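Here is what Swiss-Prot records for this protein:
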type: SIGNAL; residues: 1-31; note: signal peptide
type: TRANSMEM; residues: 39-59; note: transmembrane segment
type: TRANSMEM; residues: 75-95; note: transmembrane segment
type: TRANSMEM; residues: 107-127; note: transmembrane segment
type: TRANSMEM; residues: 139-159; note: transmembrane segment
type: TRANSMEM; residues: 173-195; note: transmembrane segment
type: TRANSMEM; residues: 213-233; note: transmembrane segment
Amino acid sequence: MLKVIKKYRKFITFLMIGLVYTLAYPATAHAMHIMEGMLPPRWCIFWYAVSLPFFIYGLYRMYKIVNSGVPNAKVMLALCGAFVFVLSSLKLPSVTGSCSHPTGVGLGTVLFGPGVMSVLGVIVLLFQALLLAHGGITTLGANEFSMTIVGPIVGYAVWKLCRAMKVSRSVSLFLCAMFADWSTYVTTAFQLAIVFPDPNGGVAAALIKFLSIYAITQIPLAIAEGLLTVIVYNLVISNDLWKESALQ
């Protein structure tokens with residue numbers, strides 16, 4: 001454990017700085033994490049019900065990983081959770097009083113597969129909702145579905161497709177993280193559009209409006225997230241702390 005900490009002391013320092021910053025300057029978010037009270041009760045219940053099977057499967061995957069005996073598995077789980085927390089807490093102003101931020105789910109998706117991200121994501125979402133006024137409890141199901149279910153599944157599909165096509169590991173990982181981020185925001189835009197349809201154009205028009213709002217900041221953020229994810233992943237692999245596809 002001490003060897004791992006020494007090798008990753010710079011990255012751990014970065015994570016701690018991000019943690020201190022987010023705790024010291026909590027800001028209310030109204031973008032990818034749908035805020036408390038934003039959704040009607042029936043939709044809150046619906047998204048909880050839809051997300052529950054994925055969460056249960058994620059618990060099963062988490063149990064298998066923790067008891068797998070694979071070296072550094074627990075450390076890598078903690079790293080992936082911290083990566084999601086720090087990146088998803090780095091909020092940037094967007095339009096109409098909202099904000100945008102990375103999701104950070106690409107790293108864990110590639111290391112462990114999309115299933116475990118539903119559990120890690122819920123832990124992060126609960127922490128942010130309770131301590132950082134970021135998201136909410138009633139909207140937890142909707143936020144979980146977009147960020148920790150759809151995002152990782154899309155990212156994992158992109159990763160597997162790229163690797164099957166013999167695309168380089170770094171490019172595959174970059175595309176995985178980027179598309180996981182974008183698909184999260186597309187899902188959130190759809191979740192809001194069906195609740196707040198445009199008076200004239202309906203759900204389709206509302207979806208276009210929400211997507212156009214998020215795209216201003218989220219497109220460059222997703223690209224930056226992809227690059228950072230590649231750097232961290234290559235750091236992990238190059239130091240022999242993990243093997244590709246070890247527990248996917």
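Cβ atoms are placed via backbone N, Cα and C, with glycine included.
Fewer than three CB pairs closer than 8 A are found between the transmembrane segment (139-159) and the transmembrane segment (213-233), and contact between the two stretches is not assigned (pairs 6 or more residues apart). Contact between the transmembrane segment (75-95) and the transmembrane segment (213-233) is supported by 3 or more Cβ pairs under 8 Å, counting only residues 6 or more apart in sequence.
39-59 is the stretch from 39-59, 173-195, 213-233 with the greatest number of Cβ pairs below 8 Å to the transmembrane segment (107-127).
If you look at the transmembrane segment (39-59), the same-chain residues 6 or more away from its ends with a CB under 8 A from one of its CBs are 115-120, 122, 138-142, 144-145, 148-149, 191, 194-195.
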